[in-house]
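Annotation source Swiss-Prot lists active site, proton donor/acceptor at Asp146. As annotated by Swiss-Prot, Mg(2+) binding site applies to Asn10, Glu384, with the evidence given as sequence analysis. The ATP binding site feature in Swiss-Prot is assigned to Lys17, His206, Leu207, Gly208, Asn209, Gly210, Asp281, Cys282, Arg283, Gly329, Ile330, Gly331, Glu332, Asn333; the stated evidence is sequence analysis. Positions annotated as substrate binding site by Swiss-Prot: Arg89. Marked as site 'Transition state stabilizer' by Swiss-Prot: His178, Arg239.
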Amino acid sequence: MSDQLILVLNCGSSSLKGAVIDRKSGSVVLSCLGERLTTPEAVITFSKDGNKRQVPLSGRNCHAGAVGMLLNELEKHELHDRIQAVGHRIAHGGEKYSESVLIDQAVMDELNACIPLAPLHNPANISGILAAQEHFPGLPNVGVMDTSFHQTMPERAYTYAVPRELRKKYAFRRYGFHGTSMRYVAPEAACILGKPLEDIRMIIAHLGNGASITAIKNGKSVDTSMGFTPIEGLVMGTRCGDIDPGVYSYLTSHAGLDVAQVDEMLNKKSGLLGISELSNDCRTLEIAADEGHEGARLALEVMTYRLAKYIASMAVGCGGVDALVFTGGIGENSRNIRAKTVSYLDFLGLHIDTKANMEKRYGNSGIISPTDSSPAVLVVPTNEELMIACDTAELVGIL
């Protein structure tokens, strides 16, 4: 193990992924996964040398508390002083940042200004940056923007049908998210298929508590489901996805809610949680649905139907489809969500092999469609942390 270690922090809306990555080998020295943050069930799991240790986050179930637990673990293994730089996933970089950047106060000001555009994620990202600056004073911090991959979308895909003056004044356009994940998954999928990425019309579904789908043609993003903010598109854990904008005026006029309350409801109390009235966690809902919980069943039906509709629509952006790729926590592990979604899409020639679908979970990648089937359906575990580490090393000059 070298001393060229990079700490990567990926603070999601309800999760924390942390990893210490050896820049020379690309190997993960230590990692952690904080799950179900902001709930009483919040836990953080540390992994090192094949050994795992789970610790409850009771009393520290926020992002800052999870980062603090990670930093304590680094000191325990004498890794703290060997960290050379810290890389952070940033959900929304706005129009100003189309690529990764060294973080200074001006960047922090811009990220704070983008909080209204990513109210669940940017505050979590900023918490990670502040914690790293506190525990690693003097070390460079790098922000890797989730929006940058989608800067290649054509104007017809990112333009909203609103007055031009508003679009220009407020940079009001579709940005897209999960770009760091797409940058990793797309070439990995191409490698599995044994074809150049530029020759594959690929649709990638990143499914987690936040979820989006991206159409990739000639190796570049040509359309995506998320828009100005991460609320647009698919049904997610607590976000509603696509909804009639008239809901805002209706609820403010008839339900006694102000705009901020409507915004909080659509971001934090909707999606799978809102439909099921049980949980935002897909694992919990799958178990409950099997046990006869009607709300859980409906939530999963709505989620998979919306996802299938978006997959079909993304084929327009690609001009067809050669490969459908599932990634993200749900996409990588839920055979039921994959099977149900693809069952709507046989008219596109998409099919799933039951045995392969069962096997490709828990870190296993590969093709889950029948061997004689085209287009291909794949599972590819994402590795946003490695992409962030590579960008961080490049910006700070760690060769």
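Note: Cβ is positioned from N, Cα and C throughout, glycine not excepted.
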Sequence-distant neighbours of Glu332 (ATP binding site) in its chain (C-beta under 8 A, six or more apart) = Phe326, Arg361, Tyr362, Gly363, Val379, Val380, Pro381, Thr382
Could you tell me which three-state DSSP class Ile330 (ATP binding site) falls into?
-> helix
Cα-proximity to Asn10 (Mg(2+) binding site), 10 Å cut-off, over recorded positions Lys17, Arg89, Asp146, Arg239, Asp281, Arg283 | Lys17, Arg89
If you measure every Cα to Cα pair among Lys17, His206, Leu207, Gly208, Asn209, Gly210, Asp281, Cys282, Arg283, Gly329, Ile330, Gly331, Glu332, Asn333, the residues listed for ATP, what is the largest value in Å?
-> 19
Fewest other C-beta atoms within 10 angstroms, as judged across Asp146, Asp281, Glu384, which are the recorded positions = Asp281
How many Å lie between the Cα of Asp146 (active site, proton donor/acceptor) and the Cα of Ile330 (ATP binding site)?
-> 19
Of the recorded positions listed (Arg89, Arg239, Arg283), the greatest number of other CB atoms within 10 A surrounds the CB of Arg239
Tertiary neighbours of His178 (site 'Transition state stabilizer') (same chain, Cβ under 8 Å, six or more apart) | Asp146, His206, Gly210, Ser212, Thr214, Met226, Gly328
How many Å lie between the Cα of Lys17 (ATP binding site) and the Cα of Arg239 (site 'Transition state stabilizer')?
-> 21
May I ask for the distance between Ile330 (ATP binding site) and Arg89 (substrate binding site), taken between their Cα atoms and rounded to an integer number of Å?
-> 20
Express the distance between the Cα positions of Glu384 (Mg(2+) binding site) and the residue listed as 'substrate binding site' as a whole number of Å.
-> 8
Can you tell me which binding-site residues out of Leu207, Asn209, Arg283 are within 10 A of Arg239 (site 'Transition state stabilizer') by Cα, answering none if there aren't any?
-> Asn209
Going along the chain, which residues six or more apart from Asn209 (ATP binding site) have their CB under 8 A from its CB?
-> Gly12, Ser13, Ser14, Ser15, Met236, Gly237, Thr238, Asn280, Asp281, Gly329
